[in-house]
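As annotated by TrEMBL, active site applies to His258, Asp315.
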Amino acid sequence: MQETKKGLEGIVALDTSISFIDGMQGILKYRGLAIEQLAEMSYDSVSYLLVNGMLPNDQELAAYSFRLKTERRINGEMIDIMRVCNYGTEALDSLRTAISCTAQMDHENDNNSLEANKNKAIRLIAKLPTMLAALYRCKKGETPYLPDDNLSHGANFLYMLRGEAPSAIEAEAMEKDFIISAEHELNPSTFALRITASTLADVYSAIITGLCTLKGPLHGGARKGVMEMLDEVGNPENANAYVLHKLASKQKIMGFGHRVYRTGDPRSRIFKEMARRLADEKGDPTWYEIAESLEHAMYREFLEMRGRPMYPNVDFYSGVIYKYLDIPLELATSVFAIGRVSGWTAHCFEQYMDNRVIRPRAHYV
Ligand code: SDX
(Lines of atoms letter the chains of each structure in order from A and count residues from 1; the text may use other names and numbers.)
(Lines give C-alpha, C1' and ligand atoms only; values in the text may rest on other atoms or scores of the structure.)
Protein backbone atom coordinates (compact mmCIF):
# COMPACT_ATOMS: atom_id res chain seq x y z
CA MET A 1 0.00 0.00 0.00
CA GLN A 2 1.14 3.59 -0.78
CA GLU A 3 2.53 5.91 1.89
CA THR A 4 -0.17 8.06 3.56
CA LYS A 5 -0.11 11.87 3.26
CA LYS A 6 -1.33 13.55 6.43
CA GLY A 7 -4.13 15.97 5.57
CA LEU A 8 -3.95 14.65 1.98
CA GLU A 9 -1.39 17.38 1.27
CA GLY A 10 -0.56 17.60 -2.42
CA ILE A 11 -2.91 14.74 -3.38
CA VAL A 12 -4.87 15.40 -6.58
CA ALA A 13 -8.27 13.80 -6.02
CA LEU A 14 -10.30 14.73 -9.11
CA ASP A 15 -10.61 16.82 -12.30
CA THR A 16 -12.58 20.06 -12.17
CA SER A 17 -13.43 22.85 -14.59
CA ILE A 18 -14.87 25.10 -11.87
CA SER A 19 -11.76 26.83 -10.53
CA PHE A 20 -8.00 26.94 -10.93
CA ILE A 21 -5.36 27.88 -8.36
CA ASP A 22 -1.66 28.52 -8.89
CA GLY A 23 -0.41 28.54 -5.31
CA MET A 24 3.11 29.69 -6.18
CA GLN A 25 2.06 32.69 -8.25
CA GLY A 26 -1.07 33.53 -6.24
CA ILE A 27 -3.51 33.09 -9.13
CA LEU A 28 -7.17 32.16 -8.72
CA LYS A 29 -9.66 31.78 -11.57
CA TYR A 30 -13.30 30.71 -11.65
CA ARG A 31 -14.02 28.98 -14.96
CA GLY A 32 -11.04 30.70 -16.60
CA LEU A 33 -11.73 34.22 -15.30
CA ALA A 34 -9.31 35.89 -12.87
CA ILE A 35 -10.63 36.67 -9.40
CA GLU A 36 -9.61 40.34 -9.82
CA GLN A 37 -11.95 40.60 -12.83
CA LEU A 38 -14.77 38.66 -11.14
CA ALA A 39 -14.60 40.92 -8.08
CA GLU A 40 -15.86 43.81 -10.24
CA MET A 41 -18.99 41.92 -11.40
CA SER A 42 -22.28 41.26 -9.61
CA TYR A 43 -22.74 38.21 -7.40
CA ASP A 44 -25.60 37.12 -9.67
CA SER A 45 -23.26 37.02 -12.71
CA VAL A 46 -20.57 35.10 -10.83
CA SER A 47 -23.11 32.71 -9.36
CA TYR A 48 -24.52 32.06 -12.85
CA LEU A 49 -20.98 31.47 -14.14
CA LEU A 50 -20.27 28.92 -11.42
CA VAL A 51 -23.55 27.05 -11.65
CA ASN A 52 -23.96 27.11 -15.45
CA GLY A 53 -20.35 27.09 -16.63
CA MET A 54 -20.34 30.36 -18.59
CA LEU A 55 -21.06 34.04 -18.04
CA PRO A 56 -24.66 35.05 -18.80
CA ASN A 57 -25.53 37.47 -21.61
CA ASP A 58 -27.70 40.46 -20.63
CA GLN A 59 -30.96 38.58 -21.15
CA GLU A 60 -29.81 35.50 -19.27
CA LEU A 61 -28.55 37.64 -16.41
CA ALA A 62 -31.84 39.53 -16.17
CA ALA A 63 -33.78 36.25 -16.09
CA TYR A 64 -31.41 34.69 -13.51
CA SER A 65 -31.53 37.76 -11.23
CA PHE A 66 -35.31 37.80 -11.52
CA ARG A 67 -35.47 34.11 -10.52
CA LEU A 68 -33.17 34.71 -7.55
CA LYS A 69 -35.25 37.66 -6.40
CA THR A 70 -38.53 35.77 -6.63
CA GLU A 71 -37.00 32.92 -4.61
CA ARG A 72 -35.64 35.15 -1.83
CA ARG A 73 -38.74 34.93 0.36
CA ILE A 74 -39.17 32.27 3.02
CA ASN A 75 -42.59 31.18 4.26
CA GLY A 76 -44.26 31.68 7.63
CA GLU A 77 -43.70 28.06 8.68
CA MET A 78 -39.99 28.57 8.22
CA ILE A 79 -40.07 31.72 10.34
CA ASP A 80 -41.94 29.77 13.06
CA ILE A 81 -39.18 27.14 12.95
CA MET A 82 -36.56 29.87 13.26
CA ARG A 83 -38.23 31.29 16.34
CA VAL A 84 -37.98 27.84 17.92
CA CYS A 85 -34.50 26.82 16.81
CA ASN A 86 -32.74 29.72 18.43
CA TYR A 87 -28.96 29.54 18.33
CA GLY A 88 -26.50 30.16 21.15
CA THR A 89 -23.15 31.54 20.04
CA GLU A 90 -23.15 30.27 16.43
CA ALA A 91 -25.92 31.00 13.93
CA LEU A 92 -24.64 28.24 11.67
CA ASP A 93 -26.06 25.67 14.10
CA SER A 94 -29.55 26.98 13.32
CA LEU A 95 -28.86 27.67 9.65
CA ARG A 96 -28.19 23.98 8.99
CA THR A 97 -31.52 23.12 10.63
CA ALA A 98 -33.22 25.75 8.45
CA ILE A 99 -31.68 24.18 5.31
CA SER A 100 -32.89 20.74 6.43
CA CYS A 101 -36.40 22.13 6.83
CA THR A 102 -36.22 23.80 3.41
CA ALA A 103 -35.35 20.41 1.92
CA GLN A 104 -38.39 18.84 3.51
CA MET A 105 -40.63 21.63 2.24
CA ASP A 106 -39.17 21.45 -1.30
CA HIS A 107 -41.56 19.62 -3.63
CA GLU A 108 -38.56 18.56 -5.76
CA ASN A 109 -36.56 17.20 -2.83
CA ASP A 110 -36.63 13.61 -4.12
CA ASN A 111 -36.14 14.58 -7.77
CA ASN A 112 -32.47 14.22 -8.72
CA SER A 113 -32.78 15.39 -12.34
CA LEU A 114 -30.40 18.14 -13.49
CA GLU A 115 -33.32 20.54 -13.92
CA ALA A 116 -34.67 19.88 -10.41
CA ASN A 117 -31.18 20.19 -8.96
CA LYS A 118 -30.64 23.55 -10.67
CA ASN A 119 -33.96 24.72 -9.21
CA LYS A 120 -32.77 23.65 -5.77
CA ALA A 121 -29.49 25.50 -6.30
CA ILE A 122 -31.35 28.70 -7.15
CA ARG A 123 -33.58 28.30 -4.10
CA LEU A 124 -30.58 27.78 -1.83
CA ILE A 125 -28.57 30.69 -3.27
CA ALA A 126 -31.59 33.00 -3.04
CA LYS A 127 -32.88 31.94 0.38
CA LEU A 128 -29.70 31.57 2.43
CA PRO A 129 -29.32 35.34 3.08
CA THR A 130 -33.02 35.61 4.01
CA MET A 131 -32.78 32.63 6.36
CA LEU A 132 -29.69 33.97 8.11
CA ALA A 133 -31.08 37.49 8.50
CA ALA A 134 -34.38 36.03 9.78
CA LEU A 135 -32.55 33.82 12.29
CA TYR A 136 -30.74 36.90 13.57
CA ARG A 137 -33.94 38.94 13.88
CA CYS A 138 -35.80 36.06 15.58
CA LYS A 139 -32.93 35.61 18.01
CA LYS A 140 -33.42 39.24 19.04
CA GLY A 141 -37.18 38.66 19.38
CA GLU A 142 -37.85 40.89 16.35
CA THR A 143 -39.84 40.35 13.16
CA PRO A 144 -37.73 39.51 10.08
CA TYR A 145 -37.62 42.08 7.29
CA LEU A 146 -38.93 41.07 3.88
CA PRO A 147 -36.31 41.03 1.12
CA ASP A 148 -36.09 44.17 -1.03
CA ASP A 149 -36.25 43.27 -4.73
CA ASN A 150 -34.64 46.55 -5.72
CA LEU A 151 -31.40 45.68 -3.99
CA SER A 152 -28.50 43.47 -5.11
CA HIS A 153 -27.70 40.17 -3.37
CA GLY A 154 -25.19 41.86 -1.03
CA ALA A 155 -27.13 45.05 -0.36
CA ASN A 156 -30.34 43.12 0.30
CA PHE A 157 -28.62 40.94 2.90
CA LEU A 158 -27.39 44.00 4.81
CA TYR A 159 -30.84 45.55 4.49
CA MET A 160 -32.50 42.45 5.98
CA LEU A 161 -30.11 42.54 8.95
CA ARG A 162 -30.56 46.24 9.65
CA GLY A 163 -33.90 47.35 8.25
CA GLU A 164 -32.25 50.13 6.27
CA ALA A 165 -30.42 50.10 2.96
CA PRO A 166 -26.61 50.12 3.26
CA SER A 167 -24.42 52.87 1.79
CA ALA A 168 -23.01 52.32 -1.71
CA ILE A 169 -19.59 51.31 -0.41
CA GLU A 170 -21.07 48.90 2.16
CA ALA A 171 -23.17 47.27 -0.57
CA GLU A 172 -20.07 46.97 -2.76
CA ALA A 173 -18.08 45.40 0.09
CA MET A 174 -20.78 42.81 0.85
CA GLU A 175 -21.16 41.93 -2.84
CA LYS A 176 -17.38 41.53 -3.23
CA ASP A 177 -17.26 39.38 -0.11
CA PHE A 178 -19.86 37.00 -1.53
CA ILE A 179 -18.08 36.85 -4.92
CA ILE A 180 -14.59 36.28 -3.53
CA SER A 181 -15.86 33.68 -1.05
CA ALA A 182 -17.90 31.86 -3.70
CA GLU A 183 -15.49 29.15 -4.81
CA HIS A 184 -12.10 27.66 -4.02
CA GLU A 185 -11.42 24.30 -5.64
CA LEU A 186 -11.09 21.33 -3.25
CA ASN A 187 -11.15 23.19 0.05
CA PRO A 188 -12.30 21.03 3.01
CA SER A 189 -16.04 21.86 2.82
CA THR A 190 -16.20 21.35 -0.96
CA PHE A 191 -14.29 18.07 -0.78
CA ALA A 192 -16.59 16.87 2.00
CA LEU A 193 -19.74 17.69 0.06
CA ARG A 194 -18.38 16.04 -3.10
CA ILE A 195 -18.06 12.84 -1.09
CA THR A 196 -21.71 13.17 -0.06
CA ALA A 197 -22.73 13.88 -3.66
CA SER A 198 -20.69 10.90 -4.85
CA THR A 199 -23.00 8.58 -2.94
CA LEU A 200 -25.82 10.16 -5.03
CA ALA A 201 -27.31 11.78 -1.95
CA ASP A 202 -29.41 14.87 -2.77
CA VAL A 203 -28.19 18.47 -3.14
CA TYR A 204 -29.49 19.60 0.27
CA SER A 205 -27.65 16.77 2.05
CA ALA A 206 -24.46 17.70 0.22
CA ILE A 207 -24.80 21.40 1.07
CA ILE A 208 -25.39 20.61 4.76
CA THR A 209 -22.21 18.50 4.69
CA GLY A 210 -20.36 21.51 3.29
CA LEU A 211 -21.86 23.86 5.86
CA CYS A 212 -20.89 21.62 8.78
CA THR A 213 -17.34 21.32 7.47
CA LEU A 214 -17.03 25.08 6.97
CA LYS A 215 -17.77 25.65 10.65
CA GLY A 216 -14.37 24.69 12.09
CA PRO A 217 -11.85 27.38 13.06
CA LEU A 218 -9.23 25.92 10.68
CA HIS A 219 -11.64 26.61 7.77
CA GLY A 220 -14.54 29.12 7.57
CA GLY A 221 -14.71 29.53 11.34
CA ALA A 222 -11.45 31.51 11.10
CA ARG A 223 -13.37 34.65 10.07
CA LYS A 224 -15.05 34.74 13.46
CA GLY A 225 -11.62 34.14 15.03
CA VAL A 226 -10.21 37.14 13.15
CA MET A 227 -13.02 39.38 14.42
CA GLU A 228 -12.37 38.21 18.00
CA MET A 229 -8.64 38.79 17.55
CA LEU A 230 -9.19 42.37 16.34
CA ASP A 231 -11.20 43.05 19.49
CA GLU A 232 -8.62 41.39 21.69
CA VAL A 233 -5.65 43.26 20.17
CA GLY A 234 -7.62 46.52 20.39
CA ASN A 235 -4.79 48.81 19.28
CA PRO A 236 -2.16 48.61 16.47
CA GLU A 237 0.61 48.98 19.06
CA ASN A 238 -0.38 45.68 20.70
CA ALA A 239 -0.08 43.66 17.48
CA ASN A 240 3.57 42.66 17.75
CA ALA A 241 3.29 41.43 21.33
CA TYR A 242 0.13 39.50 20.44
CA VAL A 243 1.86 37.74 17.52
CA LEU A 244 5.00 36.99 19.56
CA HIS A 245 2.97 35.50 22.39
CA LYS A 246 0.87 33.32 20.05
CA LEU A 247 3.87 32.04 18.11
CA ALA A 248 5.95 31.40 21.24
CA SER A 249 3.08 29.40 22.76
CA LYS A 250 2.57 27.51 19.46
CA GLN A 251 -0.96 28.79 18.96
CA LYS A 252 -2.46 29.37 15.54
CA ILE A 253 -3.19 32.97 14.56
CA MET A 254 -6.52 33.11 12.79
CA GLY A 255 -6.62 34.31 9.18
CA PHE A 256 -3.02 33.34 8.37
CA GLY A 257 -1.52 30.46 6.39
CA HIS A 258 -2.87 28.32 3.60
CA ARG A 259 -2.36 24.80 2.35
CA VAL A 260 -2.08 25.87 -1.29
CA TYR A 261 -0.88 29.51 -1.45
CA ARG A 262 2.85 29.89 -0.81
CA THR A 263 3.38 33.53 -1.78
CA GLY A 264 0.11 35.07 -0.57
CA ASP A 265 -3.60 34.68 -1.21
CA PRO A 266 -4.83 36.90 -4.09
CA ARG A 267 -8.23 37.21 -2.39
CA SER A 268 -6.63 38.76 0.66
CA ARG A 269 -5.14 41.54 -1.49
CA ILE A 270 -8.59 42.45 -2.88
CA PHE A 271 -10.17 42.37 0.57
CA LYS A 272 -7.35 44.49 2.02
CA GLU A 273 -7.99 47.26 -0.51
CA MET A 274 -11.74 47.06 0.17
CA ALA A 275 -11.12 47.25 3.94
CA ARG A 276 -8.88 50.30 3.42
CA ARG A 277 -11.59 52.05 1.41
CA LEU A 278 -14.20 51.27 4.08
CA ALA A 279 -11.88 52.64 6.76
CA ASP A 280 -11.42 55.86 4.77
CA GLU A 281 -15.10 56.26 3.96
CA LYS A 282 -16.16 55.67 7.55
CA GLY A 283 -13.37 57.88 8.91
CA ASP A 284 -12.37 55.10 11.32
CA PRO A 285 -8.99 53.54 10.58
CA THR A 286 -8.83 51.46 13.80
CA TRP A 287 -9.71 47.97 12.52
CA TYR A 288 -7.66 48.45 9.36
CA GLU A 289 -4.61 49.67 11.25
CA ILE A 290 -4.77 46.82 13.77
CA ALA A 291 -5.04 44.34 10.89
CA GLU A 292 -2.15 45.84 8.96
CA SER A 293 0.03 45.81 12.07
CA LEU A 294 -0.86 42.15 12.65
CA GLU A 295 -0.04 41.35 9.02
CA HIS A 296 3.37 43.06 9.25
CA ALA A 297 4.16 41.51 12.63
CA MET A 298 3.23 38.03 11.41
CA TYR A 299 5.36 38.39 8.28
CA ARG A 300 8.36 39.61 10.27
CA GLU A 301 8.17 37.29 13.29
CA PHE A 302 7.31 34.13 11.37
CA LEU A 303 10.22 34.81 9.01
CA GLU A 304 12.53 35.35 11.98
CA MET A 305 11.42 32.16 13.75
CA ARG A 306 10.82 29.78 10.83
CA GLY A 307 12.92 31.21 8.01
CA ARG A 308 9.88 31.84 5.80
CA PRO A 309 7.18 34.52 5.81
CA MET A 310 3.51 33.91 6.68
CA TYR A 311 0.74 35.64 4.72
CA PRO A 312 -2.90 36.45 5.45
CA ASN A 313 -5.52 34.21 3.84
CA VAL A 314 -9.04 34.99 2.58
CA ASP A 315 -10.48 35.12 6.11
CA PHE A 316 -8.17 37.84 7.46
CA TYR A 317 -9.26 41.04 5.73
CA SER A 318 -12.74 39.60 5.24
CA GLY A 319 -13.00 39.60 9.05
CA VAL A 320 -11.91 43.27 9.00
CA ILE A 321 -14.61 44.07 6.44
CA TYR A 322 -17.21 42.35 8.66
CA LYS A 323 -16.17 44.63 11.53
CA TYR A 324 -16.75 47.68 9.32
CA LEU A 325 -20.09 46.27 8.13
CA ASP A 326 -21.18 45.54 11.73
CA ILE A 327 -21.77 41.88 10.90
CA PRO A 328 -22.57 40.23 14.25
CA LEU A 329 -19.77 37.88 15.36
CA GLU A 330 -22.04 34.85 15.59
CA LEU A 331 -23.06 35.27 11.93
CA ALA A 332 -19.56 35.43 10.42
CA THR A 333 -19.16 31.78 9.35
CA SER A 334 -22.69 31.66 7.95
CA VAL A 335 -22.06 34.83 5.91
CA PHE A 336 -19.10 32.99 4.33
CA ALA A 337 -21.55 30.17 3.47
CA ILE A 338 -23.91 32.61 1.70
CA GLY A 339 -21.16 33.35 -0.80
CA ARG A 340 -19.80 29.78 -0.99
CA VAL A 341 -23.13 28.14 -1.77
CA SER A 342 -22.80 28.88 -5.52
CA GLY A 343 -19.45 27.09 -5.67
CA TRP A 344 -20.78 24.24 -3.54
CA THR A 345 -23.74 23.59 -5.83
CA ALA A 346 -21.48 23.78 -8.90
CA HIS A 347 -19.25 21.07 -7.41
CA CYS A 348 -22.27 19.00 -6.55
CA PHE A 349 -23.39 19.02 -10.21
CA GLU A 350 -19.87 18.34 -11.49
CA GLN A 351 -19.72 15.32 -9.20
CA TYR A 352 -23.13 13.99 -10.32
CA MET A 353 -22.20 14.42 -13.99
CA ASP A 354 -19.14 12.17 -13.93
CA ASN A 355 -19.68 10.21 -10.78
CA ARG A 356 -17.79 7.44 -9.10
CA VAL A 357 -18.24 6.99 -5.36
CA ILE A 358 -15.31 8.60 -3.49
CA ARG A 359 -13.84 5.92 -1.32
CA PRO A 360 -10.09 6.01 -0.59
CA ARG A 361 -8.16 3.49 1.52
CA ALA A 362 -6.63 3.70 4.99
CA HIS A 363 -3.32 2.24 6.07
CA TYR A 364 -3.99 -0.20 8.93
CA VAL A 365 -1.53 0.16 11.81
C1 SDX B 1 -9.90 28.72 4.57
O2 SDX B 1 -8.25 25.23 1.57
C3 SDX B 1 -8.94 26.24 1.23
O4 SDX B 1 -9.04 26.59 0.08
C5 SDX B 1 -9.69 26.96 2.35
C6 SDX B 1 -10.16 28.39 2.06
C7 SDX B 1 -11.34 28.41 1.11
O8 SDX B 1 -11.53 29.42 0.41
O9 SDX B 1 -12.12 27.46 1.12
O10 SDX B 1 -9.09 29.16 1.53
C11 SDX B 1 -10.70 29.06 3.35
O12 SDX B 1 -10.22 27.75 5.21
C13 SDX B 1 -8.71 29.57 4.92
C14 SDX B 1 -7.95 29.08 6.14
C15 SDX B 1 -8.61 29.55 7.43
N16 SDX B 1 -7.92 29.05 8.63
C17 SDX B 1 -7.17 29.82 9.41
O18 SDX B 1 -6.96 30.99 9.17
C19 SDX B 1 -6.64 29.14 10.65
C20 SDX B 1 -5.16 29.44 10.83
N21 SDX B 1 -4.42 28.79 9.76
C22 SDX B 1 -3.99 27.51 9.90
O23 SDX B 1 -4.34 26.70 10.94
C24 SDX B 1 -3.31 26.82 8.72
O25 SDX B 1 -2.42 27.70 8.15
C26 SDX B 1 -4.24 26.20 7.69
C27 SDX B 1 -5.31 25.31 8.31
C28 SDX B 1 -4.94 27.29 6.88
C29 SDX B 1 -3.39 25.35 6.72
O30 SDX B 1 -2.97 24.20 7.37
P31 SDX B 1 -1.79 23.28 6.85
O32 SDX B 1 -1.60 23.38 5.41
O33 SDX B 1 -2.01 21.93 7.44
O34 SDX B 1 -0.52 23.95 7.51
P35 SDX B 1 0.11 23.56 8.87
O36 SDX B 1 -0.91 23.68 9.93
O37 SDX B 1 0.77 22.21 8.73
O38 SDX B 1 1.19 24.67 9.08
C39 SDX B 1 2.56 24.52 8.74
C40 SDX B 1 3.34 25.20 9.85
C41 SDX B 1 2.99 24.61 11.21
O42 SDX B 1 4.13 24.67 12.01
P43 SDX B 1 4.90 23.28 12.34
O44 SDX B 1 3.89 22.33 12.89
O45 SDX B 1 5.52 22.83 11.05
O46 SDX B 1 5.93 23.70 13.39
O47 SDX B 1 3.00 26.59 9.90
C48 SDX B 1 2.43 26.88 11.17
C49 SDX B 1 1.95 25.56 11.76
O50 SDX B 1 1.94 25.61 13.13
N51 SDX B 1 1.26 27.72 10.94
C52 SDX B 1 0.84 28.69 11.74
C53 SDX B 1 -0.31 29.20 11.13
N54 SDX B 1 -0.54 28.54 9.99
C55 SDX B 1 0.42 27.64 9.88
N56 SDX B 1 1.30 29.16 12.89
C57 SDX B 1 0.61 30.17 13.47
N58 SDX B 1 -0.50 30.70 12.94
C59 SDX B 1 -0.98 30.24 11.78
N60 SDX B 1 -2.07 30.76 11.26
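Numbers here mean position along the shown chain, with the first residue as 1.
Backbone N, Cα and C define each Cβ position, glycine as well.
The Cβ of His258 (active site) has 20 other Cβ atoms within 10 Å, all protein chains considered. For the pair Asp315 (active site) and His258 (active site), the Cα-Cα distance reads 11 Å. Neighbour count (other Cβ atoms within 10 Å of the Cβ, all protein chains): 31 for Asp315 (active site). In this structure, Asp315 (active site) is part of a helix by DSSP.
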